[in-house]
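Structure first, commentary second.
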Amino acid sequence: MKTTIILILLTHWVYSQNPTSGNNTATLCLGHHAVANGTLVKTITDDQIEVTNATELVQSISIGKICNNSYRVLDGRNCTLIDAMLGDPHCDVFQYENWDLFIERSSAFSNCYPYDIPDYASLRSIVASSGTLEFTAEGFTWTGVTQNGRSGACKRGSADSFFSRLNWLTKSGNSYPTLNVTMPNNNNFDKLYIWGIHHPSSNNEQTKLYIQESGRVTVSTKRSQQTIIPNIGSRPWVRGQSGRISIYWTIVKPGDILMINSNGNLVAPRGYFKLRTGKSSVMRSDAPIDTCVSECITPNGSIPNDKPFQNVNKVTYGKCPKYIRQNTLKLATGMRNVPEKQIRGIFGAIAGFIENGWEGMVDGWYGFRYQNSEGTGQAGDLKSTQAAIDQINGKLNRVIERTNEKFHQIEKEFSEVEGRIQDLEKYVEDTKIDLWSYNAELLVALENQHTIDLTDAEMNKLFEKTRRQLRENAEDMGGGCFKIYHKCDNACIGSIRNGTYDHYIYRDEALNNRFQIKGVELKSGYKDWILWISFAISCFLICVVLLGFIMWACQKGNIRCNICI
């Protein structure tokens, strides 16, 4: 019985001891900040890892309107760029206009003689990139024919008219002589000439306008030649006409010469457009134009370019984020997040970074928590925090610099006869987008991995720095904490934080306290052994007492035991 009492008292004494509560010791833990709800990001090694903070890299919505600053945006309203160039009567307001971006609306329409352009997309692109409709009339001499043909399908006011940049030539009297006209380019810039050929709806209309049963138009330069023969025949009626005009174009280089030969059906140029090299463009959009500032425009509206990627539209103009297929990509701008546990430590005490993070840190990403004779406290470590922030800052800007396009992505158009080219172009564009989408995901995963690794490294650096300062004056308790074997008040803790701690001052006291404490301190393993031994002895004593009672009762006759075989 005495043995049992002694063991119980010893067990109670063991658990009543708290190694960190003495006035001659202190506990110092290192940790990093945490948040209750972090953000999931992707790294090279993990599909989902929680961090304290992250920045979205994909712009997924526009502002819903096109900003007229930082670019000169020209609203085409009811006119397409080509109609404005040809001089459709209802587009006269656009003559001599300039633009960085010409906006074509879905409500745009032609209101003159019906026409087609076999290479519409190329002509549209050339005129759009020039950024101007500057036109210069030239003195072409057309002898023996009637100029300035008009049509009831093309009203200028209430009068019949025609495209202002083209000259429709028809017979004069009963003749249409062969025309041979030359026009040299003596300037130092490229000239764009627009011309066409008329396709009558019937043979009767052909001879009525041009005498000959079939005309021909040949336009040549030193570098090229085009010969077009009219296709006579009825077509669907458009604005009262079943005939058509096909529009063609020729670029004449400096020192070259334009030659026009025709015996009928010619729609002649009146002059040239001056071609300019630039980054102007054209875009189809119904978004309203408003006064605001944006460096990136899409058909959906302008978008900010403070992110490296966008998922709004493949067609862009200006300094724009790269288009990718992902709706979201998050860049880690904080460390690995380990939410703080409510109960920490073996005795409910403070715990270090290996166990969990610390919520509520406002003065740094890394810091110290301590228990000493003056109580408990917490303080951030600015140096390690700044080192981590300096490495993370600029990541977003570097990603933007790598990905933002400093040019526009124009729309691609092809005629039906170029269907195979269109399919090939679509395949190439889709492949480019897939490649960029993969590269974007890989780039962000690499950056996230680097961010998490470097923030973990800063935590380890701070721990090693503290351990080297304390040396033999403290013991690594595991979990990111140290037990300091000397009295360490708040001033002492402050010297450890700022790197001025002198372990020689406390060395003798620490060694003395360490030996005293080690003499009586029982490790958790010994506590377990004492518990098991105490339990075993108690069970044995209970069995002995019970057996003795049974034997005593049998001897007194109070209990009878019958054994039957």
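Using N, Cα and C of the backbone, Cβ positions are placed for all residues, glycine too.
Per Swiss-Prot, the cysteine from Cys112, Cys154, Cys292 that shares a disulfide bond with Cys67 is Cys292. Ranked by how many other Cβ atoms sit within 10 Å of their Cβ, the disulfide-bonded residues Cys67, Cys292, Cys296 place Cys292 at the bottom. Put simply, of the recorded positions Asn37, Asn78, Cys154, Cys296, Cys492, the one whose Cα is nearest the Cα of Asn23 (N-linked glycosylation site) is Cys492. According to its DSSP assignment, Asn78 (N-linked glycosylation site) is coil. Closest in space to Cys292 (disulfide bond), of the recorded positions given as Asn37, Cys79, Asn180, Cys492, is Cys79, taking the CA atom of each residue.
Note: Asn180 (N-linked glycosylation site) has non-local neighbours Met259, Ile260, Asn261, i.e. same-chain residues 6+ apart with C-beta under 8 A of its own C-beta.
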